[in-house]
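Per Swiss-Prot, substrate binding site is recorded for T49, C50, N51, R52, S109, E114, T115, Q116, Q120, and the stated evidence type is sequence analysis. The active site, nucleophile annotation in Swiss-Prot covers C50. Here Swiss-Prot flags H99 as site 'Important for activity'. For G189, A190, G191, E192, M193, S194, the entry in Swiss-Prot reads NADP(+) binding site.
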Amino acid sequence: MFILTMGLNHHTAPIDIREKLVFKETEEEMALVTLQQEKSILENVIISTCNRTEIVAVVDQIHTGRYYLKRFMANWFQMDMEKIEPYLFFHEETEAVNHLYKVTAGLDSLVLGETQILGQVKHAFEIAKQTETTGTLLNKLFREVVTFAKKVHHHTKINENAVSVSYAAVEVAKKLYGSLDNKKIVLVGAGEMSELALQNLAGSGIADITIINRTKSNAELLANQFQAKVGAYENMNEHLMLADIVLVSTSATEPIIKQAAMQDLMEQKASSMLVIDIGLPRNVEHDCSYIPNFHLYDIDDLAGVVSANSLERQRIVLELENTIEVEVRNFFEWEKQLGVVPVIRALREKALDMQEVAMTSLENKLPGLTEREYIQIGKHMKSIINQMLKQPISELKEMSVEEDATTSIEHFKRIFGLSETDVTVIEKEQAETRS
């Protein structure tokens, strides 16, 4: 078993790519189940936010795991694998675990130290657990990672004066206008990002805030918390006509603010308008940025606003990286103690040895086989082996954390004819690899 992470984020892919590769909240469970059915995938969790789409998986082999993760992503989003591959990154084993710790603690965020990602990772894990696509390894890993991130935010100053994408949006408005006194603001959307924006706007001198949302009751709920007004969704353009600042963050999969409509609106509007689109996929058509006096910012444009973190933050990050390395080592020490990893690898090696013997016999008995035929038969035989071993391996992992784990593992080894020598050799190789 190996831990493998594949994904893309604000470091590796621009927003026009990221917005095409976002898992819809309504499809999360189906995506998890679909991925779990792929060959090589033993466990999986999908993390999908405005700045990243990442899959953390347990796979039986690294190279096949990489292929099937890429294939799943391409198939799910109906894109050619070659088109998305340049934007993907992979982390294996210690790098994968280290990366997850950093992501969850906010060290890999667009906004260093932001706390929103902790809730998003926790939510992703809970969905995967409910969907039963996690097992022994990922259950342990995500629990440890979430606990660590909570301690980080509680005991350090990494999230002091908490900054977020919503915070950055408000800072952009302040830079453009100076004082926000007497400015009229319209929020389109009533979700978490809008709520965070309202929290950051509190005390900024804005007295005229209107919230517009397709579901009016959600807008009313948020408006009551912040003494804001509610506007009718169908009258959005009328409210935009009067706005100085517009923050847009909805779950829409297509732009809801169109270039043609905004062109007409801005020709009639007497003043300029700042529009900050923090949705992903983007909620405002990119061509709106070419309209005179229509100042459009998206998530990637906000990066410069929040990149200048304090020296104190940077110092804390260095300290945390050292602490994370210790956490990662502890996790793999725990994994070794499971006792099943060497057993699984010994089982796989025994199966592959049997395949090699069978292929040699086949070559001797059918000397007329072409090289292409020989290779194809070998691939199909390996595929059968992988499929046959997938369920026993999953069951063994679960046995390893039961009360009678030692007895169960010994029975498993007996059933599959694994000797102590077979397992010991793998244990030594594993120790040398991680030392």
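Placed from the backbone N, Cα and C atoms, the Cβ positions cover glycine too.
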Key: CB-centroid shell, 8 A cutoff, NADP(+) site G189, A190, G191, E192, M193, S194, site residues removed   = L187, E195, L196, A197, L222, S249, T250
Query = Among the binding-site residues N51, S109, T115, Q120, which ones place their C-alpha within 10 angstroms of the C-alpha of M193 (NADP(+) binding site)?
reply = none
Ask   = Can you tell me how far the Cα of the residue listed as 'active site, nucleophile' sits from the Cα of H99 (site 'Important for activity'), in Å?
value = 18
Remark   = Rounded to a whole number of Å, the separation of the Cα atoms of A190 (NADP(+) binding site) and T49 (substrate binding site) comes to 17
Task = Have a look at the recorded positions H99, G189, G191, E192, S194 and say which one has the shortest Cα distance to S109 (substrate binding site).
result = H99
Query = Using DSSP and three states only, what is M193 (NADP(+) binding site)?
reply = helix
Inquiry  = Can you tell me which of the binding-site residues G191, E192, S194 is spatially closest to Q120 (substrate binding site)? Compare CA atoms only.
reply    = E192
Task = Measuring CA to CA, name the entry from the recorded positions T49, N51, H99, T115 that ends up nearest G191 (NADP(+) binding site).
result = T49
Query = Rounded to an integer, what is the Cα-Cα distance in Å between G189 (NADP(+) binding site) and T49 (substrate binding site)?
reply = 16
Task = Have a look at the recorded positions H99, E192, S194 and say which one has the shortest Cα distance to T115 (substrate binding site).
result = E192
Inquiry  = These are the binding-site residues: G189, G191. Which one scores highest on other Cβ atoms within 10 Å?
reply    = G189
Query = Helix, strand or coil: which one is T115 (substrate binding site) in, per DSSP?
reply = coil
Neighbour tally for T115 (substrate binding site), based on other Cβ positions within 10 Å of its Cβ = 19
